[in-house]
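Down below is the structure, laid out as structure tokens.
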């Protein structure tokens, strides 16, 4: 009995321990749950503490970022201004951009009058350019002032008309049109360079600039366009007649315009030209005017067949 009691008692002791272990495990699980909740709460609070400064931004960050950004913007703007000044300075040596604005200051009334003067210059009397405080007035206020609008548009229109003429003859190709445009441009540059060289050799003091020469040399495209269009519409005889008229018109226009630029004041007034230098000026004026019909025929005769 004692042994059984002892055995029963011995057997009951593990049951008590199991109960105690169950209670301890329940207590331990309860303690673990509380600890995890507390840790989660503390972790959430820590995250909120981290998000707070990032959302609000600390003053040191603004103090570091603003001066650096301002310095970078100032440095970039200074570099841009210096680069612009350098480009403008070097560009003005070869292409005076500020002066080009004067030659494109035209309007519709000026263009109409100038085209009429280029086609029929015989009735025009006053060929002098108007000045205002030693500065020539804009072309839109004076039909005698040179411009670059008509030569530029004339060159482009001439290329388009040449392409049309080649197309009507089944000879059009982009390569041939490019050759036509490049040859016309090269002849124009060679003409201007030849006139500049002649002025240098003659040692002539004149207010005629390179842009003026480019403008006067580009006026012949108007007569070239008239001749080609007439030839396309009415045949080869109309081409020769219209081109002959335009050649005579541009010759008269160049003589009456350039004599005020190249000849002396005495020759410009219509008096007798005396002296070797004045004769050289007269020959140079005649040569420039006579070269215009030659170029007009050379650049258009192959377009009419």
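Cβ atoms here come from the backbone N, Cα and C positions, even for glycine.
Feature annotation from TrEMBL assigns compositional bias 'Polar residues' to 1-15 (among others).
As annotated by TrEMBL, region 'Disordered' applies to 1-59.
Taken from TrEMBL, the feature compositional bias 'Polar residues' applies to 32-52 (among others).
Among the features that TrEMBL reports, transmembrane segment is placed at 148-167 (among others). Within its own chain, the transmembrane segment (148-167) has Cβ neighbours under 8 Å at 100, 103-104, 106, 111, 114-115, 118, 139, 173, 176-177, 180-181, 184-185, 188, 211, 214-215, 217-219, 221-222, 224-225, 228-229, 231-232, 299, 303-304, counting only residues six or more beyond its boundaries.
The transmembrane segment annotation in TrEMBL covers 179-201 (among others).
Under the heading transmembrane segment, TrEMBL lists 213-233 (among others). Beyond the ends of the transmembrane segment (213-233), by six or more residues, the same chain brings 103, 115, 118-119, 146-148, 150-152, 154-155, 157-158, 161-162, 164-165, 168, 188, 191-192, 195-196, 239, 241-243, 246-247, 249-250, 253-254, 257-258, 288, 292, 295-296, 299-300, 303-304 to within a C-beta distance below 8 angstroms of the stretch.
Look at TrEMBL and you will find 239-259 (among others) tagged as transmembrane segment.
The transmembrane segment annotation in TrEMBL covers 280-299 (among others).
Tertiary neighbourhood of the transmembrane segment (239-259): same-chain residues 117-122, 124, 127, 144, 208, 216, 219-220, 222-224, 226-228, 230-231, 267-268, 285-286, 288-290, 292-293, 296-297, 300, 304, selected by CB-CB distance under 8 Å and a gap of 6+ residues from either end.
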